[in-house]
């Protein structure tokens with residue numbers, strides 16, 4: 001009879017995944033929750049309490065991947081009805097609602113400041129936090145029988161909720177990291193035309209390397225813990241020694257290495273070249289078979305970790321794609337040609353009030369990016385010369401799937417905020433807390449997942465016990481995040 005460790009490993013192995021359309025429908029529950037939350041907070045004179053906040057922004061997502069995984073449309077309806085009723089009641093009781101929801105005053109003409117450039121946008125907070133919530137729930141839920149196997153990571157070829165989640169986490173990191181770049185570029189006291197200097201280049205790489213040491217240390221700690229505690233592992237996911245924290249830790253280092261290129265070439269072009277080049281290398285050489293073969297696993301350190309090493313190329317491409325969205329998603333006003341590049345203060349002053357073809361608002365930019373990325377993804381899907389979607393490889397199809405999905409999701413959040421939300425009324429403490437301590441919340445989720453697996457036979461839990469554990473887990477993460485946020489404790493790894 002096999003050990004419990006072997007049973008758990010088998011439970012997450014050789015899976016085939018589900019459909020792309022179902023993945024969209026399930027994750028769109030977060031959009032329904034965001035819409036309902038905004039309708040309630042915008043149209044009712046009601047300050048949303050922590051329990052209601054938790055139910056709308058966490059419980060609904062948990063329900064979508066457990067109890068309502070086979071009836072997602074019903075869940076959408078159950079979530080939206082309270083919001084729609086709130087809007088009806090609010091409009092009925094407030095005759096001057098249109099006056100109160102009049103258009104925002106236009107910004108005064110003149111030169112904008114750095115503070116006006118990087119304003120807080122609730123829809124980005126909701127997007128990043130909901131992504132983190134569903135990721136944290138999934139990494140624990142996958143070890144229970146209640147979690148549908150079609151949502152778990154596939155072995156090699158195919159799509160699933162968790163496969164999408166990994167790439168989306170990296171995309172979100174890229175988007176968030178672009179904030180510092182935009183700020184630096186627009187800083188009037190520092191902003192000058194880029195000139196390559198070896199000393200600055202080396203300094204940037206060293207700075208990024210030092211900054212990422214804590215995340216790489218977490219990767220090492222996870223490796224040692226898994227090996228010494230006999231924790232279940234899925235070798236074909238990243239390899240014998242590699243793990244997701246190592247991938248996350250290496251991203252800023254390689255970003256620093258290609259920094260000179262990014263100062264001259266639009267980020268989305270660089271990302272496309274990387275993932276297309278990687279795809280060509282796989283299909284035109286023996287690299288694809290080298291990665292997928294099982295008989296060469298123990299030949300060297302490289303073959304032991306071949307999935308982690310080569311999939312890093314795809315994740316790096318996703319990271320840069322995420323950064324490319326920052327120039328029009330994070331900014332509070334339009335800057336010259338922000339669809340393709342991050343603007344310096346001199347470029348902004350020189351352009352003045354001119355608005356070119358590639359100067360867009362957040363909504364316009366997201367609409368263009370969504371149409372382009374979706375069209376490119378579906379073309380690649382049908383192309384005979386491109387390999388099928390594989391998170392294990394992080395190939396071209398996978399990269400474009402992740403980018404097109406996140407662009408579509410961001411557009412959805414943006415439209416909800418633009419049409420429905422009153423930013424001052426739709427402030428979720430839970431979403432703000434997760435957004436402010438994102439990587440730490442992800443780390444806590446991993447630690448609690450490990451602790452749960454070490455103390456409980458997850459495969460032996462029935463549905464009620466499983467759901468109770470997952471609710472408690474989500475509640476603990478939310479309380480910790482909100483408490484840290486309340487006292488201004490932010491840990492940036």
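Every residue gets a Cβ built from N, Cα and C, even glycine.
Within 10 Å of the C-beta of residue 395 (N-linked glycosylation site) there are 28 other C-beta atoms, taking all protein chains into account. Sequence annotations record features per position, and here Swiss-Prot assigns N-linked glycosylation site to 395 based on sequence analysis.
According to Swiss-Prot, the transmembrane segment annotation covers 15-35 (among others), on the basis of sequence analysis.
The feature transmembrane segment is assigned by Swiss-Prot to 48-68 (among others), with sequence analysis given as support.
Per Swiss-Prot, transmembrane segment is recorded for 70-90 (among others), and the stated evidence type is sequence analysis.
The transmembrane segment annotation in Swiss-Prot covers 122-142 (among others). Non-local neighbours of the transmembrane segment (122-142) in the same chain are 12, 27, 30, 33-34, 57-58, 61-62, 65-66, 151-153, 161-162, 165, 168-169, 172, 175-176, 329-330, 409-410, 413-414, 416-417, 421, 423, 426-428, 430-432, 434-435, 438, 441-442, 445-446, 448-449, 452, 466, 469-470, 473-474, 477; each lies 6+ residues outside the stretch with a CB under 8 Å from one of its CB atoms.
Summarising the annotation, Swiss-Prot assigns transmembrane segment to 156-176 (among others) and lists sequence analysis as the type of evidence.
Long-range contacts of the transmembrane segment (201-221) within the same chain: residues 243-246, 248-253, 255-257, 259-260, 439, 443, 493, each at least 6 residues beyond the stretch ends and with a Cβ under 8 Å from a Cβ of the stretch. Positions annotated as transmembrane segment by Swiss-Prot, on the basis of sequence analysis: 201-221 (among others).
According to Swiss-Prot, the transmembrane segment annotation covers 244-264 (among others).
Look at Swiss-Prot and you will find 268-288 (among others) tagged as transmembrane segment.
Taking Cβ pairs closer than 8 Å, the transmembrane segment (366-386) reaches residues 279, 283, 325, 328-329, 339, 360, 395-397, 400-401, 403-404, 407-408, 410-411, 414 in its own chain, all 6 or more past its ends. The transmembrane segment annotation in Swiss-Prot covers 366-386 (among others) and rests on sequence analysis.
Counting same-chain residues at least six beyond the ends of the transmembrane segment (396-416), those with a Cβ under 8 angstroms from any Cβ of the stretch are 20, 23-24, 27-28, 31, 34-35, 38, 123-124, 126-127, 159, 163-164, 167-168, 170-172, 271, 275-276, 278-279, 314, 317-318, 321-322, 325, 329, 362-363, 366-367, 369-370, 373-374, 376-377, 380-381, 386-390. Swiss-Prot lists 396-416 (among others) with the feature transmembrane segment.
Annotated transmembrane segment per Swiss-Prot: 439-459 (among others), in sequence order, evidence recorded as sequence analysis.
Per Swiss-Prot, transmembrane segment is recorded for 464-484 (among others). For the transmembrane segment (464-484), same-chain residues at least 6 beyond its ends with a Cβ under 8 Å from one of its own Cβ atoms are 50, 54, 58-59, 62, 66-67, 133, 136-137, 140-141, 144-146, 429-430, 433-434, 436-437, 440-441, 444-445, 448, 452, 456, 458, 490-491.
For the transmembrane segment (15-35), the neighbouring stretch richest in Cβ pairs under 8 Å, chosen from 48-68, 156-176, 268-288, 439-459, is 156-176.
For the transmembrane segment (48-68), same-chain residues at least 6 beyond its ends with a Cβ under 8 Å from one of its own Cβ atoms are 26-27, 29-30, 32-34, 36-37, 40-41, 74-75, 79, 129-130, 133-134, 137-138, 141, 146-148, 151, 161, 428-431, 463, 466-467, 470-471, 474-475, 478, 482.
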